[in-house]
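Trainee: Before anything else, here's the structure in question.
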Amino acid sequence: MSVQSASDKEIQKRFVYQDDEELDKGFDWAQVKRLSTYMKPYARQIIPIVLIMMVVGAITKLLNPLLIAYAIDHALKTGDSKTLFLCVGGMLCLYAIQWGANNFRVRFTNMIGQQVIYDLRHDLFSHIQRLSFKFFDKRPAGSILVRITNYVNSLQDLFTNGAVNLMIDCVQLCGIIFILLFINWKLGLAIIVTVPIMFMISTKLRVKIRRAWQVVQTRQSRINAHLNECIQGIKVTQAYTQEKENIAFFEQMNQDNHYHWNRASILNQSFGPIIECTGAIGYCILFWFGAHLIQEGEISIGLLVAFGTYIGLFWEPINRLGQMYTQMLIAMASSERIFEFIDEVPNVAEKTSAQELPKIQGNIEFKQVEFEYEPGRHALKRIDLSVKAGQSIALVGHTGSGKSTIINLLCRFYDVTNGSVTIDGHDIRDVTISSLRSQVGIVLQDTFIFSGTIRDNIRFGRLNATDEEIVAAAKAVRAHDFIVNLPHGYDTEVQERGNVLSMGQRQLLSFARALLADPRVLILDEATASIDTETELKIQEALKTLLHGRTSFIIAHRLSTIRHADHILVLDHGQIMEQGNHDALMQHKGIYHGLIQAQYRFLQETG
Ligand SMILES: Nc1ncnc2c1ncn2[C@@H]1O[C@H](COP(=O)(O)OP(=O)(O)OP(=O)(O)O)[C@@H](O)[C@H]1O
């Protein structure tokens, strides 16, 4: 199809989700076993009830045709209305028991299913929260989202109905085969012989169905990734008037998904008619051979009718088993991707012997530190640095020079490739990650505001802080004034990313959050966006309060911040080129001098 190939090329050019494309494995028992471990905690309490209900439901279902046969042969033929009445009454009772048992079973299986899905989603989400930055570097957010939402949802059917239906169908199938052979083995065998033929035809179809659903999943993963990117970048899209292009691009993806969904769905639908066709052959054999056996006097008319009813019941589970197989294959593909994430070991792993980092004084050392994000590409080379407790260090340098990388290593978002980073003499790889990060505060340039109230956002720094402490922190960093002027003060709801707040306000809010956390070491990535002089002054004052008495690393862009730093590191291509205080570096007339001159010129030109 031309739509498919054209759009495929376009989409491949822009999106490469190798992880999802590569997955194409068949039925995997180890995975089924692993999935079933999620049912284990509930198995003891619920499975026996479900099993009893299942057996009761199956038996009552299978007894009905025998009752019909009895009614035909012993009541209809002889005109015995009392027996007929009893048979109909018996059938009604059987239907009522069957309905009750099924209802009870469905309620319990739904309970297990929902609980299992809850546990699986919980495991996946908790694990993702702990994964290292490197994991997120490689994956678009959408493809992570799709695993937590769509893939987990696609397991829902399997856990709520699938597993139990599978057992019911198997029990029902075995029961019917037994009864058919028991009533008349010749007629039974003649009908059962059609089953292997049906399986042979459908097996080939199943492989196609499996592949088709896998393709649908990868297409949905792409759509999710694209949606996520578009929503995150909506402002840039509108600023560059790229809406039409984005819509056209999405349209291609949507069409592509639509095409593959239809294809998979058509293949899936063709499964039923194949079963029906084989069923029709079964009926023909039944009536032809059954009539012959009636003439021979081997079976009664009632038994032939019962046979017909059993055949109807016979194809039902086989048909469902086929659908179940597809459901199972979708679940295989989904669970494979879910477990792939759950099995992902964080690159930054905690040693089993890791100790709690004692209360930090703030002496930090980088010894011969080297770092590569990707093998062979140095981001930092031979960094030696010694910082005394309470000192403020400004990191200065061109874009891509390695400033953020130094900070990433200090927070242990990545591990050094060579060398070591120590805090108060403790190698940060030897201490627990939580004891390290809980004592190192970080204020990023792109201040992240979560949806919730202003109060909640400040409290993010220390969850057990009182309202008074929150107000005190806001006052200390000069955020209180703007907060009380908001419609609901500290209770004003801000949406995700704090879109309703200005850049300066978001900065002040993040300072309050950091002050509340009261870390001994503070990392600050200064915002580059220009703000008005009044806010600039407020931020400078807030900074003084925030940095007081702490060891701080600042990726500095403002001249005022750089000048007040105790020590300035000038980085270039991952190396420290110059270091010292402002005056010493200015006298040296090297890179730093050039950078400052350029900043002055810029400020003069822009007024
Ligand atoms: N996640 C990553 N994966 C691969 N390479 C990266 C990654 N992050 C940064 N780099 C590379 O490492 C080098 C140093 O980047 P870093 O972010 O530390 O620079 P920076 O000085 O903070 O730049 P800027 O001022 O623009 O933020 C750059 O060459 C960059 O391309």
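Keep in mind that glycine also has a Cβ here, set from the backbone N, Cα and C atoms.
Feature list, courtesy of TrEMBL:
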type	residues	note
TRANSMEM	46-72	transmembrane segment
DOMAIN	49-328	domain 'ABC transmembrane type-1'
TRANSMEM	84-101	transmembrane segment
TRANSMEM	176-201	transmembrane segment
TRANSMEM	271-293	transmembrane segment
TRANSMEM	299-318	transmembrane segment
DOMAIN	364-598	domain 'ABC transporter'
Trainee: By a Cβ-Cβ criterion of under 8 Å, what residues six or more beyond either terminus of the transmembrane segment (46-72) are in contact with it?
Mentor: 39, 83-84, 87-88, 90-91, 94-95, 97-98, 101-102, 104-105, 108-109, 111-112, 164, 167-168, 171-172, 175-176, 179, 300-303, 305-306, 309-310, 313
Trainee: Please work out the mean pLDDT for the residues of the domain 'ABC transporter' (364-598).
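Mentor: PLDDT averaged over the stretch: 86.
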Trainee: Using Cβ atoms and a strict cutoff of less than 8 Å, what residues sit near the transmembrane segment (271-293) while being 6 or more residues removed from its termini?
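Mentor: Same-chain contacts beyond the flanks: 184, 186-187, 190-191, 194-195, 197-198, 201-202, 205-206, 209, 299, 304, 307-308, 311, 314-315, 318-319, 322-323, 326.
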